[in-house]
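Quick notes on the structure that follows.
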Amino acid sequence: MCGIVGYVGSQVSSRAQDVVMEGLARLEYRGYDSAGIALVADGAIESRKRSGKLANLISDIGQHPLAASSTAIGHTRWATHGGPTDANAHPHLGGPDGKLALIHNGIIENFHALRTELLEAGVEFASETDTEVVAHLLARAYDGDLTTAMRAVVARLEGAFTLLAVHVDQPGVVVGARRNSPLVVGLGEGENFLGSDVAAFIGYTREAMELEQDQIVTITPDRVEVIGFDGESAKGKTFHVDWDAAAAEKGGHEWFMEKEIHEQPQAVADTLLGRTDETGALVLDELRISEEQLRNVDRITFVACGTAAYAGMVAKYAIERWTRIPVEVALAHEFRYCDPIADERTLVVSISQSGETMDTLMAVKHAHDLGALTVSICNTHGATIPRESDAVLYTHAGPEIAVASTKGFLAQITACYLLGLYLAQLRGESYADDARVVLTELHETPDRIAEVLDRLDRVREIAHFMADTRSVLFLGRHVGYPIALEGALKLKELAYIHAEGFAAGELKHGPIALIEPGQPVFIVVPGPDTPHGLHGKVVSNIQEIRARGARTIVIAQDGDTAVEPFADEVIRVPRTSPMLQPLLTAVPLQVFAMELANAKGLDVDQPRNLAKSVTVE
Ligand code: M6R
């Protein structure tokens, strides 16, 4: 939520503005309620901000160009305190003479008390935001050194924040601070950058530096200095970004989401890459938890939100079967509040594409406090959640820009499976053979996903016919159940259509009352060889709803003819073993939601009210 960019270079030119505006374009997926920029130019702050998408700010700057500068900060907002208006847009100026500009990502929880104090001191506010409170505190604390002032102010703040500030009296300096919100440094030559994530500056440098919690960073054109909130000097950890600017472009696709859907075979293949040795055994070196500790694990809890939680639900079926360890899936925002049972034999696995989801981060910290082992499955190098965890298993899906998660989801399932198979390998449980077959088949899965992608013309047509639909139901069983939930979530968030996912067996316990003539229902059918006769049971469920007038759109494996008499539409996916079906059946549902949103003329990449990284609780 909220994207932040900072730049400082040695030349006074248009580069500062260009870098920040390009960074904002790349970070807009983090929030698109407003955008703004501030530059230090000619002994003053020049600030421009507009509500709505970045395009409004670009058009404003086109009409009234900004001055040349060497130092700039920019912000794209997901509104929390105060509506999405021009006045509430960042940057906010501090002090009566507006000599300081500040941008912020996060929430200042004690802002009411601080605002009251400032009002009593005669400070006038121009917005309703918590951020402006910090801008005024910083201006009042400033005594010639912005870093010192930042240190004094962060000591008074409660909550989560990334802050970037510039001051007229210190051109060529940007100061940042972070607590529980993301901030990375981009290392250039004769210039340096700050960003919510590396996408902010990927067009200029691929050398970056992570910051720890509670640190302040000061950048000048040729210097990056890090200190803790306690004033102690610190050293950031540098890393090389293994993707380039092209990976953050649409690459000829209409939407990032479309591009990311097509990148799924690669995302799964890259996540599998290098994780087996020459004998085919899994080697997860990066796990950094001893084999003995892993052998002792007697409970696994996934913590995650949204799509990532559905990846955990899929993994529960697989990991319990392969390891015989009880697995539960907790929505991260509920985890802390249900007095969770966890100790040193509990493995708490967080799943997060961004690695910044505040609910998930707080769940991980709570698990850590309870003494559990924490593993992060994450797609973003250097993000907060992996840093707060005992170990990390990175997914290698590349940057996911569209708000709706697609390749991130498939890569998460893949990484969860790698973890489950690794545990099975370590423990030598009874289903080890089963697990070995799955590992072999996992490596064939990218080609099968590519096959699914080649066959989706009919899904696109169905989506266009259904543009006026008001409600869609999704049914699944076993690993198909979380896929039904994911299909419904995708449709809600992209097409703003009421959609519900159900376990097909639950239908007769209530939801079947929703079925009336013409009600569209997607059914994710398990393969005919799924254990316990589940295939036949789902075919019966299809019959039951068809008999009541439902329009049935069935996702079934090649060769599954049993579904045909009861299906209005059959969408085929290649045959694969039961546990791997989610990696195929999710894809038509992603494409359906995207195409339906497209048919309704909606913004597929930036659905209303949402943001890519949810960094508030
Ligand atoms: O970055 P995370 O994986 O932690 O994000 C979790 C959810 O916010 C995310 O999956 C969300 O549900 C997506 N918009 C779904 O498409």
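FYI, residue positions are counted from 1 along the chain as it appears here.
Cβ coordinates are placed from backbone N, Cα and C, and glycine is handled just like the others.
Residues or ranges marked as domain 'Glutamine amidotransferase type-2' in TrEMBL: 2-222.
DSSP classifies CYS2 (active site, nucleophile) as coil under the three-state reduction. Taking a C-beta cut-off of under 8 angstroms and a sequence separation of 6 or more, CYS2 (active site, nucleophile) has the following same-chain neighbours: ARG30, GLY31, HIS75, THR76, ARG77, TRP78, HIS90, HIS104, ASN105, GLY106, SER196, ALA611, THR615. Look at TrEMBL and you will find CYS2 tagged as active site, nucleophile.
Under the heading domain 'SIS', TrEMBL lists 290-429 (among others).
Taken from TrEMBL, the feature domain 'SIS' applies to 462-607 (among others).
Taken from TrEMBL, the feature active site, for Fru-6P isomerization activity covers LYS612. Sequence-distant neighbours of LYS612 (active site, for Fru-6P isomerization activity) (same chain, six or more apart, CB under 8 Å from its CB) are TYR29, ARG30, SER354, GLU400, ILE401, ALA402, VAL403, listed in sequence order. In the three-state DSSP scheme, LYS612 (active site, for Fru-6P isomerization activity) falls into the coil class.
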